[in-house]
Amino acid sequence: MHSFSTLDYVIFALYAIVILSVGLFVSRSKKDNKTAEDYFLASKSLPWWAIGASLIAANISAEQFIGMSGSGFALGLAIASYEWMAALTLIIVGKYFLPIFIEKGLYTIPEFIEKRYSTNLKSILAIFWVALFVFVNLTSVLFLGGKALQVVLGVDPVYAMIGLALFAAAYSLWGGLSAVAWTDVIQVALLVVGGLITAYIALDHVTPNGGVINGLQHIFDVAPGHFKMILEKSHPEYMNLPGIAVLVGGLWVANLYYWGFNQYIIQRTLAAKSLKESQKGIVFAAFLKMIVPVLVVIPGIVAYVMYQGGNGTAVIDGVKEAFVGADGNIMNDNAYPWLIKTFIPSGIKGLVVAALAAAIVSSLASMLNSTATIFTMDIYKQNINKNASQKQLVNVGRISAAVALVIALFVAPALGNINQMFQYIQEYTGLVSPGILAVFMMGLFYKRATNKGAIWGDFCSPQ
């Protein structure tokens, strides 16, 4: 087992300094950014490569590196369905949804609801999304981030959560979407490199003889069930990912909702220089999505094979204890942090942990900015101060983001009993997404859809 060395701390500190420096530089260089468009939509100046990178940075966070790797441990490659179908979903969003959103000049997704249905429904959904971001998204990312740093660095998870929160707030609250997007470019490069390093080293250590190709062949041979994309009814995790029905039905609902009508995702595309630039960014993000399973699911399967042991698998001291909780339950989400702590050598470990932190911090910053955007533009300006100046809107955005972060910090520790956080997020979102997706799809493509029907559709969705 390789401990976190002085060199690792230096590398990790350099990462933090670079990200903060870039974020603050962008903030200072945008001194003329005094309007809501400047703060919330980066002055509509983002190029395609920044949009694509920022989309992935917002999406890939602790729930991917920690939660999805944990699901890879429990389910196998079938969980990659979320990622590969997301790539196709992004193309659909870019082709059919973005032209409408950009033509209407939207700041937020609820604004489309107001233009198509009513102000009342817009307010209902705005409140719902703010609550969702604060109590589900922000809290889960903070919790998993704290848990990861606890396993890897041995720090108290509460202190780790506070540190991650302050780090994300340091540049995102002041610089708005510009600071978030430009730091995302660096963070995506770092998380891809760090993820590939972890996958490579994990495969190299799964057999006594080593070798990445040998390791890949070994995990396929000893855990063939973990490479099935469609789970059979006899599979113990069938209820978490129930076979073909998910691929042709429910997963499409979740993907279209998440990538097409999710504020902290779609906000980047609304900040593009043009529709064409936005669509190119979508294609770039779809390409990056295709490699995510290599970064997170394969390491989870490697950890599963090591935990199971058997002929041809390297014997690892303490592997059983690493995955069994005090209550006797299997702790699937320990897979990725355990691999880092156990196999990544000193020096490289600092880079890999920095990549993990990059995934967490970039998502936190994105969620904070989007929470602030919806609260400011759809709740504050609409219902509290209709005549707010541009400066007031920017200040309210900063304050609301800070308040959301504080609330999430208090709630996050309560998530400690959930073993597969990625599944938790997907299941909660899946509960409410069908009705919301139906409202948007009918609003986009069916002229006879009514406000009353849309309201009933939203309220009946969770039933």
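Note that Cβ sites are derived from N, Cα and C of the backbone, with glycine treated the same way.
A TrEMBL annotation is a machine prediction, not a hand-curated record.
Since this is a predicted model, take the numbers as computed values, not measurements.
Taken straight from TrEMBL:
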type: TRANSMEM; residues: 6-26; note: transmembrane segment
type: TRANSMEM; residues: 46-62; note: transmembrane segment
type: TRANSMEM; residues: 82-102; note: transmembrane segment
type: TRANSMEM; residues: 123-145; note: transmembrane segment
type: TRANSMEM; residues: 157-174; note: transmembrane segment
type: TRANSMEM; residues: 181-203; note: transmembrane segment
type: TRANSMEM; residues: 241-261; note: transmembrane segment
type: TRANSMEM; residues: 282-307; note: transmembrane segment
type: TRANSMEM; residues: 351-375; note: transmembrane segment
type: TRANSMEM; residues: 396-416; note: transmembrane segment
type: TRANSMEM; residues: 428-446; note: transmembrane segment
Contact ranking winner - 46-62, 82-102, 123-145, 181-203, 351-375 against the transmembrane segment (282-307), Cβ under 8 Å: 82-102
Considering the transmembrane segment (181-203), which listed stretch of 46-62, 82-102, 123-145, 351-375, 396-416 counts the most C-beta pairs under 8 Å: 351-375
Cβ-Cβ under 8 Å with the transmembrane segment (351-375): same-chain residues at least 6 beyond its ends: 4, 8, 11-12, 15-16, 19, 40, 54, 57-62, 64-65, 107-110, 126, 129-130, 133-134, 137-138, 141-142, 144-145, 148-149, 152-153, 164-165, 167-169, 171-173, 176-177, 179-180, 183-184, 186-188, 190-195, 197-198, 263-264, 267, 336, 340, 344, 396-398, 400-401, 404-405
